There are 2 protein chains.
Amino acid sequence: MRLFLVDDHPVVRAGLVALLGGETDMEVVGEAAGGEEALRGIAAREPDVVLMDLQLGDGIDGVETTRRVRALPSPPQVLVLTTYETDADLMRAVDAGATGYLLKACPPEELFQGIRAAARGETVLSARVATRMMRRMREPGTALSAREVEILELLASGAGNREIARRLFITEATVKTHLVHIYGKLGVETRTAAVTAAVERRLIRLP
Amino acid sequence: MRLFLVDDHPVVRAGLVALLGGETDMEVVGEAAGGEEALRGIAAREPDVVLMDLQLGDGIDGVETTRRVRALPSPPQVLVLTTYETDADLMRAVDAGATGYLLKACPPEELFQGIRAAARGETVLSARVATRMMRRMREPGTALSAREVEILELLASGAGNREIARRLFITEATVKTHLVHIYGKLGVETRTAAVTAAVERRLIRLP
DNA sequence: CGGCGCATCAACCGATCGGTTGACCCCTGG
DNA sequence: CCAGGGGTCAACCGATCGGTTGATGCGCCG
């Protein structure tokens, strides 16, 4: 089983090499610190599974790299191995064609089994990640409308209700109504908390 | 040189062991995934240098662990080795008694030299971290105090003034005074705008 | 057709926030 | 020594925000 590592931390790459060296059925055939380097290396070495971090430091991130890797002819499986377990990270990774999503904090044995499962094309999720997905499924009504996202973005820019109303050509009353709905869906009570909650879930992105 | 590792990621610990194994003058005498475990291990093994991550997953974080380690009789040097380079993390780590602050993304050679420097009691900073500090020095009036950063972090969590006051053991009046200063330094007029400005300038990091 | 969710608006009230002025303490450095 | 900066607190005021109730119109879907 040929593996390729993509992570901007030399320490993490060394750790994976060391850990995987103990498994007789796995071999690390290449590694990369950034997206561009990864694409070149993967095209050249043709691994079976790519272990991909999402935060790569330089311009092109892990999600975009995953998308391009999966667009290669006869692409390898891509197993995301990252630090965080936000909904948006997971969704975007899956959308980009990732085969699985594991956390760096997971025990090594879970990592080994995950890699073998990914090589067989099976979807593999860390226990904590799977738990989050289940909870999302069971709690509908948390999806924000397009209008509500518009409000959130102006909110994040620090605009007051009057300013938001002016920019969207509606009245303050309407803005307040939207805000109440947003607070409810995000489970917060203040505008500031709404902004941070939205950023964490990658509903909006700070400029 | 006896080293002790504190990091909640098995992969990272394995990576450090593998990397440091190549250096003849270093020896990893113990490791821990969490704060409590670290304190017990360090007291027992008496290392020269502790490599400390700031995100430990469980209740007690790296900063608090560092503070307690430095409070031990004849404490080891603590070298923070983490992923981020926000002002908040750096300032709190230094305040807690850390000898240095390196990033996991740094090249291994910088890590080795940093450990040797830390063992001699010298302060060592990653190049990117040092750059940030220099810029802070050269632009006074825009630099937030440690206390102001504390306020900002609670602000970002969506806390109201009363909640901030309660958590920091001060009165609402004091919180408001700090906020006025923060608004002035960041060039904003509302708490929400202050949070986004602070995140953009990497003064704080969203949870 | 009759709900249902979304978007819009109004009026009201209490709570909170933004801004100001003034004050005290502690520490550091010229 | 004392000026300066940071941290703390108080009292006050107007502006804004959070929360509520109620209402209208639109499009979708069974």
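Positions of Cβ are set from backbone N, Cα and C atoms, glycine also.
Predicted automatically and left uncurated, TrEMBL annotations should be read as such.
Quick look at what TrEMBL lists:
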type    : residues  : note
DOMAIN  : B:2-119   : domain 'Response regulatory'
MOD_RES : B:Asp53   : 4-aspartylphosphate
DOMAIN  : B:137-202 : domain 'HTH luxR-type'
Helix, strand and coil counts within the domain 'HTH luxR-type' (B:137-202) (DSSP):
46 helix, 0 strand, 20 coil
Count up the helix, strand and coil residues in the domain 'Response regulatory' (B:2-119) according to DSSP, in that order.
53 helix, 25 strand, 40 coil
Specify the count of other C-beta atoms within 10 Å of the C-beta of B:Asp53 (4-aspartylphosphate).
23
Per-region confidence, the domain 'HTH luxR-type' (B:137-202) (mean pLDDT, whole number):
85
